[in-house]
Amino acid sequence: MAAAILSEGLGYGIVLGFGLVFAAIMTLITMIQKRFLGEKIDSEEYMAAGRNVKTGLVASAVVSSWTWAATLLQSSSVAYKYGISGPFWYASGASVQVLLFSVLAIELKRKCPNAHTFLEIISIRYGRKAHYVFLFFGLLTNIIVSAMLLLGGSAVVTALTGMNTYAACFLLPLGVIIYTLFGGLKATFIADYTHTVVIMIIVLLFSFTAYTTSDLIGSPGAMFDLLQQASIRHPVSGNHEGSYLTMASSQGLMFGIINLCSNFGTVFIDNAYWQRAIAASPHSTVKAYLIGGLSWFAIPFTLATTLGISAVALENHPNFPTFPNRLTMADVGAGLVAPNAAVALLGKGGAVAVLLLVFMAVTSAASAELIAVSSIVTFDVYKAYIKPDATGKQIITVSHAIVAAFGIIMGVLAVILKEAGIDLGYLYSLMGVLISSAVLPVTFSLMWKKQSATAAIVAPLGGLVISITAWLVCAKLYSGEITLATTGTDQAMLAGNLGALISGGVISIIISLIKPDNYTFEGTRALQQVTDDSPGGMPSTDSASDDGSLDEKKKGGEKAEVTSVDVPAPKGGWTFSAEEDAKLAKASRFARWSSGVLTVILILLWPLPMFFSNYVFSKGFYTGWVVLSIVWAICSTIAVTIYPIWESRGAIAEVGRGIWGMVTRKSSTAAV
């Protein structure tokens, strides 16, 4: 990218100053909740947000935590490389996982309603050995995601402002650490909502600017003409007729498959998404993930159809920062397509908007990762193996320490990757190779009673070996050598990602069919919450042995006493009546068919007919495509910004009355 368009001082001002101000506001909101809504920050509130968060706020949090720097940057990069197929495959290939996760989310509510992490389920059902295996994959996922957030975010901050990259890596998470320390998971929900509002507004700002008011483009028709000219100047290899205006892109399809496989791992194995399910009210869970998945689709789809495509259209215009040169592949890999396009469209205003957009994406997702790692280390390391009788107060103390420590570790990891020459695009494609072999075994832990402990242990590890082997062998066969560059080719990444996702499931199924389990989930249902005056936690008499066999026969099928869904059992947490369980079972069936239908539409029925027919968009069709992306973004904005306010109107009114009462009392006292 050309010289920084913004001052270094502005970079520090937004990253440090804005971050601290935002942290102060979030901390103040947490204090207001405690004062006027009577919310007590005990261990369950801190780590699980009371398990009663409503649909809109959970959906907004899902969108926010899934909106990484890569969502904004890498989506525009693939649009620049592959044309209009890039934004679609990025959006569809990373939204179906959230939609399908709605099934696991409701099954979690049914089968382990008092869980704090998904690893507790693994421990209870399969024992310590399996717990160690999935602890490795869970923390590896959080480490990769956290490093990727800061790697992409710091690259943009440096490119736009000239701010020191290493300083950005350590300062970006600072404000997040502060409000997460004070408010825990509930604070991250409130911050997520705020981030989502800002992100959606900026996405719409760029879209309306490019397609309605810009002197450089101004309409979908003008963009269409510019893209046709670009196809002549530098046709896209692998696209039908070299056009940017077609879904018939072999490289775009290959990226879509890589994207699909890798993102299963970063949803299903990332404790951040399980925590949103844990925090959700039981009857809000399915709707929240379906709304969240569909709303998130609009962000990369609309933004990349705007900025990524604008970069292609405008790079031969004097307003483009690199004019008269094209963007280098290093700049594209670092995620600098969107910033360059924003500067071309809006000058310094566009640079500030992108900087704010990336700041919001990095900090919102970072807050989710901080509390996710804190929960894992607290419950699956400290409480599981160091101090099993830990009280709620001790758990909060440890959680605070982990939040602060991992906030620093995030920066260190990003610096290490930067020094190693690994960019955002490489890491984004690689993550599935390393973690996706655990996806189906984790899914089976809640969805298939026959998966055995041996299968749960062997499948992810065996799949990891297969995926790494496939990745490196393909790099060698395709490029003739194994280097950072050759292992980053689409062919090598495709082989590794497919190998990981498929082999993990196949190994588990084969082993489980040879020697199946017959698990009833009574052990997971018996998991208790932790209270400040009692350790609670995992069932002491029914936990799994080291070989994973649950001694449920000793229980004789005895079940714990149940209470209404709306009333937590004393010191025990949530249990459900038969009537409530039937409602949750119905919600589970709805989640399965609705998420399944949406997945088929987004992955097969919508894109593949255009791919196989080699259809090149006409001007009218492209105009409709653009209008669809903007309308989708508007509807998504309503769903995740206005709907949560409507749902929370009672609490907002209560806070307002409380503040008004406090003000009037002080006024009366002063008058006297």
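Glycine residues also receive a Cβ, built from the backbone N, Cα and C atoms like all the rest.
Residues or ranges marked as transmembrane segment in TrEMBL: 12-32 (among others).
Residues 90, 94, 98, 145, 148-149, 151-153, 156, 186, 188-189, 191-193, 195-196, 199, 267, 272-273, 276, 279-281, 284-285, 287-289, 291-293, 295-296, 299-300, 303, 335-338, 354, 357-358, 361-362, 364-365, 367-368, 424, 428, 636, 639-641, 643-648 of the same chain sit 6 or more residues outside the transmembrane segment (53-73) yet have a Cβ under 8 Å from a Cβ within it. If you look up TrEMBL, you'll see 53-73 (among others) marked as transmembrane segment.
Among the features that TrEMBL reports, transmembrane segment is placed at 88-106 (among others).
Under the heading transmembrane segment, TrEMBL lists 189-211 (among others).
Sequence annotations record features per position, and here TrEMBL assigns transmembrane segment to 253-274 (among others).
Summarising the annotation, TrEMBL assigns transmembrane segment to 286-314 (among others). Residues 55-56, 58-63, 66-67, 71-72, 75-80, 83-84, 86-88, 90-92, 94-99, 101-102, 105-106, 199-200, 203-204, 206-207, 210-211, 216-217, 223, 226-227, 230, 244, 276-277, 280, 320, 327, 337-338, 340-342, 344-345, 587-588, 590-591, 594-595, 598, 602, 625-626, 629-630, 632-633, 635-637, 639-640, 643 of the same chain, all 6+ positions outside the transmembrane segment (286-314), place their C-beta atoms under 8 angstroms from a C-beta of that stretch.
According to TrEMBL, the feature transmembrane segment maps to 352-382 (among others).
Among the features that TrEMBL reports, transmembrane segment is placed at 394-416 (among others).
Within the chain, the transmembrane segment (428-448) has long-range Cβ neighbours (under 8 A, six or more residues past its boundaries) at 70, 74, 103-104, 107-108, 111-112, 118, 121-122, 125-126, 133-134, 137, 140-141, 144-145, 148, 258, 261-266, 268-269, 455-456, 459-464, 466-468, 471, 488, 490, 493, 496-497, 499-501, 503-505, 508, 512. Feature annotation from TrEMBL assigns transmembrane segment to 428-448 (among others).
Residues 122, 125-126, 129-130, 133-134, 137, 433-434, 436-438, 440-441, 444-445, 482, 487, 492-493, 495-500, 503-505, 507-509, 511-512, 548 of the same chain sit 6 or more residues outside the transmembrane segment (455-473) yet have a Cβ under 8 Å from a Cβ within it. Taken from TrEMBL, the feature transmembrane segment applies to 455-473 (among others).
Look at TrEMBL and you will find 529-567 tagged as region 'Disordered'.
As annotated by TrEMBL, compositional bias 'Basic and acidic residues' applies to 550-561.
Marked as transmembrane segment by TrEMBL: 593-612 (among others).
The transmembrane segment feature in TrEMBL is assigned to 624-646 (among others). Tertiary proximity for the transmembrane segment (624-646) is limited to same-chain residues at least six positions away from its ends with a CB under 8 Å from its CB atoms, namely 54-57, 59-60, 63, 84, 87, 193, 196-197, 200-201, 203-204, 207-208, 211, 220, 223, 291-292, 294-299, 301-302, 305-306, 617, 652.
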Check the transmembrane segment (88-106) against each of 189-211, 253-274, 352-382, 394-416, 593-612 and return whichever range has the most CB pairs under 8 Å. 253-274
Check the transmembrane segment (12-32) against the transmembrane segment (352-382) for contact, please; criterion is three or more CB pairs under 8 Å, pairs 6 or more apart in sequence. yes
